[in-house]
Amino acid sequence: MYFWFLGIAFLGIGLWAWNEKGVLSNISSITDLGGFDPVWLFVVVGGVMFILGFAGCIGALRENTFLLKFFSVFLGIIFFLELTAGVLAFVFKDWIKDQLYFFINNNIRAYRDDIDLQNLIDFTQEYWQCCGAFGADDWNLNIYFNCTDSNASRERCGVPFSCCTKDPAEDVINTQCGYDARQKPEVDQQIVIYTKGCVPQFEKWLQDNLTIVAGIFIGIALLQIFGICLAQNLVSDIEAVRATW
């Protein structure tokens, strides 16, 4: 039941965010963004959770074997996709790394196009203390931050404030701290901004937290297997009772 309501909440947040950005009044604008729209996470996760919660909850309450079978098959497909993705990620590590680099650079280009995407990139760079995909110079891909002579932006040769090293004494974020940062010598850049890219920082984070990450994925997998088994057992009990009628 809670799973169902959580799905409705996620879906509602996603649709509300799209409505605030005017996407629902102009559906074609979904494809206008050059990068990734974080609202998709809420819509997709909320939609999947709603469908699973509805099928499992109503199927169990109404003893509907069709919904219970749908629940277990749908959950099995998700489990299989997760397992396949994990195996492929291990086997094709270099390809995944290239795709991650391509994905981040695409979103760097679209940094100013969507406020949700901008906040997501800023959070990522602040959390992992990184800048760009493999370094601060990746921000040359953005029309506002590139170092070309034709760029009239005040942010030319700079980086977003989320790339700046933080001073613990500062209570208010200086959003202009990245201005002209990449015009400085590399030694001076390291004092002002993070010079490590987000891809290597993410790899380091995974290595440092491998046990926790593996534990979370194993826990999710066990819950999915338990849900499938529970649904199938309930289907068997319902069919056994109906057979005696």
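Quick reminder: no glycine exception, Cβ is built from N, Cα and C everywhere.
The following features are taken from TrEMBL:
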DISULFID  C130-C163  disulfide bond
DISULFID  C131-C147  disulfide bond
TRANSMEM  41-61  transmembrane segment
TRANSMEM  73-92  transmembrane segment
TRANSMEM  212-235  transmembrane segment
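Taking the disulfide-bonded residues C130, C131, C147, C163 in turn, the residue surrounded by the fewest other Cβ atoms inside 10 Å of its Cβ turns out to be C147. Annotated pair C147 (disulfide bond) and C130 (disulfide bond), C-alpha to C-alpha distance, rounded: 20 Å. A Cα-Cα distance of 5 Å separates C163 (disulfide bond) from C131 (disulfide bond).
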